[in-house]
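Copied over from TrEMBL, here are the features:
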REGION    54-85  region 'Disordered'
TRANSMEM  159-181  transmembrane segment
TRANSMEM  204-225  transmembrane segment
TRANSMEM  237-257  transmembrane segment
TRANSMEM  269-291  transmembrane segment
TRANSMEM  303-324  transmembrane segment
TRANSMEM  344-361  transmembrane segment
Amino acid sequence: MPSLNSSLTRIRLFSLYAPTCSKFEASPPCLSCLGAFREDCLIISQSPPLLGSRVSSISPMAEGPDGRSPTSVVDPEKGTLDPLPSRLAQSEKEEKGALATVVDVLPTLDSRGDAKGSVYPVNNAVVLSARSSKPASKPKKKASRWILFKLWFNTYRKFFTFTFGLNMIGLTLAATGHFPYAVKYSGAMVVGNFNFAILMRNEVFGRILYLFVNTCFAKWPPLWFRLGCTSVLQHLGGIHSGCALSGVIWLLFKVVTNFRNLDVNHDSVLILGVLTNVAVMISALSAFPWVRNTHHNVFERHHRFVGWIGLIATWAFVILGDTYNPATRTWDLNGVDFIHHQDVWFTVGMTIFVALPWFFVREVPVDIELPSSKVAIIRFKRGMQQGLLGRLSRSSIMEYHAFGIVSEGRHAEYHYMIAGVQGDFTRGLVNNPPKTLWTRELKFAGVSNTSTLYKRGIRICTGTGIGAALSTCLQSSDWFLIWIGSDQEKTFGPTISGLIHKHLGPERLILWDSKQRGGRPDTMKLLKEAYHTWNAEVVFITSNYIGNSEIMQGCKEAGIPAFGTLWDF
């Protein structure tokens, strides 16, 4: 071997007695294969016969693809090796028993000047840099107002603006006498809006819509069209909110109109109109962002149960209003005339859409794994397709909570949900694990379900967001996973890490452990490198509010198509 000059870094290498991973030839070593840090470098034994062998020299290395000597320093941040935390030495005896030899290593850069490198054998050992410097704390660049506005005025708000604005134009015309149809059939305007609002949140309708789009438009249309499909499916809630709020205002208009014609309307019709309006208003107000985000249980109880009361009151209001004839001030009990009213059939549809998901509610057995006090891994029987979410509750009708589903595929034996401890429900899963839980057998689709539309993509997540992100990468080799968290192996346990190591090779995986690395990474740097290297078409993000906002702003500035976590507006 040629002699090295004095400027070379001297690194002490230790041969380590550690079990090896049987799949090391094809994938990165698992956590149990990782050795302990010894001074400046970490040695991972490559095969059992080499355990305990002495490293005495470094053989000449082949040139890398850029014509330089390949580097011995591997940076897990770049995705060349799985950066799960290493196992510390189990005893002082193991540390003292290690055989040491001093060697010289020449670090090199790749063609772009990055210390990226690859894994290269050094006398039957793999050398990793143990000096994992903390990410540089750079002042965060504030996004421009135009970028912030484009993120704020997303497809959700566009849908809301369109539906609500169109209704308000119609209402204004009706109030000024230029839309007599809406005045005569104001009941149909009310329940028609409610009908569409409920349909947009119906899980059966959502699954059918996702199935149609994923089947008809997978990969072949232009990218802008596929991105549009994902955006529309993700933001259907804008139609829900716009139609619901419009329905409330149309109902108020109808009640006011009835009171303006007090002399020809029956008292029961007037009273039912007021009761229906109050119930619907309470249900709508409970869904406002501040209530939903800060008092979730209040939102769910009022939005659901008061909403059901509003549905019953709507039926009574429609029946009384359609059977009472203001002209003759008599009740017309002819059923044939009754079923010809538009609002009757709109109310029938609304009732079906409300009731349909509840036919899929079941109490199912579960196994709960508690790898740490922060997380519960809930295991269910049968596999699932990727991109789905499920609702869980301890009772059949109260307080359902949504979680992402982790599964290896439809034919897998199990699927999992990852519940991070954040509130009373998830804390109860850890403190008092149940044997059964209530769930809806028909799961609802999330944005990841549209991953089949794209040729390649990046799935980036933080913390428990891995629950919504992992299935996409497990079931498709076209997707690259970036997972940022703290002490993932200890926090999330062997089940999740086992699925990752079983299905994801180092070529499409970056795991950043902020505890081991001393802080969070430059997320956009990681994401941009992975996006361009992987030739991705889109990025899906699952993170908390701050993390999601930062990544979405960075992607928008960089011109990277991205879809993030949604909070109902």
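Just so you know, glycine gets a Cβ as well, placed from its N, Cα and C.
Within the chain carrying the transmembrane segment (303-324), a Cβ under 8 angstroms from the stretch's Cβ atoms is held by residues 187, 191, 194, 265-266, 268-269, 272-273, 275-276, 279-280, 282-283, 286-287, 330-333, 338, 341, 343-344, 347, 350-351, 354, 397, all 6 or more beyond its ends. Across 159-181, 237-257, 344-361, the stretch most heavily in contact with the transmembrane segment (269-291), judged by Cβ pairs under 8 Å, is 237-257. Tertiary proximity for the transmembrane segment (344-361) is limited to same-chain residues at least six positions away from its ends with a CB under 8 Å from its CB atoms, namely 188, 191-192, 194-195, 198-199, 202-205, 307-308, 311, 314-315, 318, 322, 338, 396-397, 438-442.
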